[in-house]
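K.L.:
Let me begin by handing over the structure; questions about it come next.
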Amino acid sequence: MKQPYYPHHIDLAPAAHVQGTVKLPGSKSISNRILLLAALSAGSTRIMDLLASDDTLVMLMALQQLGVKWEQIEGTQNYIVHGVDGQLPVHQADLFMGNAGTAIRPLTAALAVLGGDYTLHGVPRMHERPIGDLVDALNEVGMRIEYTGNPGYPPLHVRRGQLAAHSMKVRGNVSSQFLTALLMAAPLMAREQAMRIDVVGELISKPYIEITLNLMRRFGVDVQRDGWQSFMIEAEQSYQSPGVIHVEGDASSASYFLAAGAITGGPVRVEGVGRDSIQGDVRFVEALRQMGATIEVGDNWIEASSNGPLKAIDADFNHIPDAAMTIAVAALYADGPSTLRNIGSWRVKETDRLSAMATELRKLGAQVEEGADYLKVTPPAAMEPATIDTYDDHRMAMCFSLASLDGKLLQGTRIRINDPKCVAKTFPDYFKVFEEIAEQTLI
Ligand SMILES: O=C(O)C1=C[C@@H](OP(=O)(O)O)[C@@H](O)[C@H](O)C1
Ligand SMILES: C=C(OP(=O)(O)O)C(=O)O
């Protein structure tokens, strides 16, 4: 994959106006789910507009190591994946998962159920991101997953187990990806008898489960459900290729551009997501509306504009944890203190995002109260020039680019973003696209 060149920092000059249209890269959540479902299916699947990024690359490479054949159509982001119909050709592999939660969690479940001799590991931060709830759920029904480092965290050694039950339970208060992983692996366990999955306690990030169920359906597997509590996968369902499937634009990536339109007046339009999106992060626009922005939504586009300063917001962001980071930076432009609630999962993502966000917002002159699971941001009267550290977190780099907008930054000063190449996790071209709409100069 071609990676754009990034220096060790990028300086962003103040931009008073942002206007234009952005074609979004493919959704990370949809891309990695479709890749795995297509691999497990009977038949070949043509995937249109797959995201090109570190997270999808680790999934593609892992599938290749597992003997799944795929081709990229030259000069496009379209792929053909030749499904293995629930039987992986390779039973031994050492898989590098980078820092992709959407790769390691679902693959761990699928590999545990299919059985073999697999190790899964990632970057150092991946080894600090919890996976214990998923491993417990699988081992309790007879799978054999061991920790080779710290208990509860990757790296993992997956061996061949023996399915011993037809109902499983999983905790959902640390990450929804554990439930997603079990759901996607469930048809492999329910070949003869139905499989039931119960959620123990609270489930966070619920809209991501809707993405999972929607895509499983497109690959021929129906899940019966009782709200968010219990899920049933009837026996004898197996994944079937839908033939062709299209990846929507990434709604979390859309948040930066929509916020830019709302902060500066815009209009800024994103293309690739719209009215019928299956991604929960399109609900980011509800928060922007609450802040006073004008949002228009079409079939395959969303546009944000505003007239006048943004209003402060106090809201629960559990349903859109990724796009909520964009609100934290947009809050710098609001007419009073904003509070983002119920975002405790930020602590176990690419970095401890609550702590990182508080530290970096303070550098810009904001007053920030960091709670166990909330953030209160009081905007500064004028923004101070600052050097923003990004903690190898793509979203820290992307959302802090917004601090260069709307003339709140003193003229003649700059926002420096350190280590901008971390955006490659989900959006390698981010700063190029941002420059195009912000008419800024990259140094
Ligand atoms: O299932 C998914 O595609 C995702 C679920 C969310 O994680 P949690 O469920 O851990 O909050 C989200 O933050 C992540 O970027 C993608
Ligand atoms: C939390 C994120 O990623 P992951 O899929 O690795 O959990 C994210 O993209 O913000």
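Glycine too: its Cβ is placed from the backbone N, Cα and C atoms.
For 15-433, the entry in TrEMBL reads domain 'Enolpyruvate transferase'. What TrEMBL records for Lys28, Ser29, Arg33, Ser175, Ser176, Gln177, Ser205, Asp322, Lys349 is 3-phosphoshikimate binding site. Annotated phosphoenolpyruvate binding site per TrEMBL: Lys28, Gly101, Arg129, Gln177, Arg353, Arg395, Lys425, in sequence order. If you look up TrEMBL, you'll see Asp322 marked as active site, proton acceptor.
Would you situate these features in the structure and describe their surroundings?
P.N.:
Reduced to three states, the DSSP call for Ser205 (3-phosphoshikimate binding site) is coil.
Counting every protein chain shown, the Cβ of Lys425 (phosphoenolpyruvate binding site) has 23 other Cβ atoms within 10 Å.
In the three-state DSSP reading, Asp322 (active site, proton acceptor) counts as helix. A sphere of 10 angstroms centred on the C-beta of Asp322 (active site, proton acceptor) encloses 28 other C-beta atoms.
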K.L.:
Relative to the Cβ of Gly101 (phosphoenolpyruvate binding site), which residues of the same chain, six or more apart in sequence, are found under 8 Å away?
P.N.:
Arg129, Ser175, Gln177, Lys349
K.L.:
State the Cα to Cα distance, in Å, between Arg395 (phosphoenolpyruvate binding site) and Ser205 (3-phosphoshikimate binding site), rounded to an integer.
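P.N.:
Taking the Cα atoms only, Arg395 (phosphoenolpyruvate binding site) lies 17 Å from Ser205 (3-phosphoshikimate binding site).
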K.L.:
Taking the binding-site residues one at a time (Lys28, Arg33, Arg129, Lys349, Arg395), which has its Cβ surrounded by the most other Cβ atoms within 10 Å?
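P.N.:
Result of the Cβ crowding comparison: Arg395.
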K.L.:
To what whole number does the mean pLDDT across the domain 'Enolpyruvate transferase' (15-433) round?
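P.N.:
Taking every residue in the domain 'Enolpyruvate transferase' (15-433) and averaging pLDDT yields 96.
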K.L.:
State which of the following binding-site residues has the fewest other Cβ atoms within 10 Å around its Cβ: Ser176, Gln177, Ser205.
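P.N.:
Counting other Cβ atoms within 10 Å of each of the binding-site residues Ser176, Gln177, Ser205 gives the minimum at Ser205.
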K.L.:
As a test of the contact definition, list every same-chain residue at least 6 positions from Arg353 (phosphoenolpyruvate binding site) whose Cβ is closer than 8 Å to its Cβ.
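P.N.:
Spatial neighbours, sequence-distant, of Arg353 (phosphoenolpyruvate binding site): Met325, Ile343, Trp346, Arg347, Asp393, Arg395, Met396.
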K.L.:
Given Gly101, Arg129, Ser205, Lys349 as the binding-site residues, which ones have a Cβ positioned under 6 Å from some atom of ligand 2?
P.N.:
Gly101, Lys349
